[in-house]
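Asks: According to TrEMBL, the protein has these features:
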type    : residues                             : note
BINDING : 41                                   : L-glutamate binding site
BINDING : 75, 76, 101, 152, 172, 195, 237, 238 : pyridoxal 5'-phosphate binding site
DOMAIN  : 3-348                                : domain 'Aminotransferase class V'
MOD_RES : 196                                  : N6-(pyridoxal phosphate)lysine
Ligand SMILES: *Cc1c(COP(=O)(O)O)cnc(C)c1O
């Protein structure tokens, strides 16, 4: 029986990536030792690190105006790093609230800087929606504008990018980085915890416009300091070397698949199969407006919620893992990142059909 893992994060990795890592585990690059056992300052690791950055730059079309950092502390580490690095004395940070993760980012930022929160949720009759980006009431002055293009828990994704005449745009792309085409130049800071679309947890990828490295910010730990990390090639202290290596294996896999455009087609196709089925069914519902439905995280509810436990038990028996919704929103959630094959979606829909038939 095939097993498909729908976990929101840490999420499944492509089997080809796991096999490659397994093959190289005890003997990396013919050195007779694992990548985990070598100095990050010695040539083999430094070369891998450089190639990894170059690969990410190609995949996302990142220009020299940006530094690419491989940092510790995952997504939440960046919830603190962003305000610490970008704080200005004379302007508040603006946090756009579209759901649970953007709310969490704002709460953390308040410890380090003045925060203005703007709620742009536009929920009607139990249906989740978001105001179009052009209608967001952004203030004239801000140290930066933070938003979350994909709300992993709420299943809400924003496909338009906000703009501002002066304030940098900061995006938490933890759960959608590399899943579809974006224009990096529309952003000033992009960050992502690795464990959804990139690799092991703990690593954070940060893409930051170099001009922002000059901001003084507030006193902060060296490991969360963008300027220090940029100057030191992300090796101010020992970086998470295994996670960095595995990210490189994932980036190679992405290149072999045809890069981000191929992922975008793959992800749109997968999401369409699942949403179309849910919409056509009177057994399941999705509560998100069609124009802001996530391609990565598909929450759905059984109309009869007393069947939830049975649905979870039987789906697990069928090899469909981790479909339980986040405890804050309930119901079910299928996280279908880059690594999830179409066959996994087909298996899920087949199971959902059968379950609906047997319980109607
Ligand atoms: C998972 C996630 C995070 C948190 O990542 P950690 O590495 O657990 O800190 C932050 N933002 C978004 C959008 C996420 O999906």
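Sequential numbering from 1, following the chain as shown.
Backbone N, Cα and C atoms are what each Cβ position is placed from, and that goes for glycine too.
Curation does not apply to TrEMBL; its annotations are automatic.
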Asks: Note down the number of other Cβ atoms within 10 Å of the Cβ of residue 152 (pyridoxal 5'-phosphate binding site), including every protein chain shown.
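Replies: There are 27 of them.
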Asks: Within a 10 Å radius around the Cβ, which one of these recorded positions has the most neighbouring Cβ atoms: 41, 76, 196?
Replies: 196
Asks: Go through the binding-site residues 41, 101, 237 and pull out the ones with a Cβ less than 6 angstroms from some atom of ligand 1.
Replies: 101
Asks: Among the binding-site residues 195, 237, 238, which residue has the fewest other Cβ atoms within 10 Å of its own Cβ?
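Replies: Among the binding-site residues 195, 237, 238, the sparsest Cβ neighbourhood within 10 Å belongs to 238.
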Asks: What is the Cβ neighbour count of residue 101 (pyridoxal 5'-phosphate binding site) at a 10 Å cut-off, with all protein chains included?
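Replies: Result for residue 101 (pyridoxal 5'-phosphate binding site): 22 other Cβ atoms within 10 Å.
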Asks: Can you check what DSSP calls residue 76 (pyridoxal 5'-phosphate binding site), collapsed to helix, strand or coil?
Replies: helix
Asks: Checking the contact step here: among the recorded positions 75, 172, 195, 196, which have a Cα within 10 Å of the Cα of the residue listed as 'L-glutamate binding site'?
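Replies: Among 75, 172, 195, 196, not one has a Cα sitting within 10 Å of that of the residue listed as 'L-glutamate binding site'.
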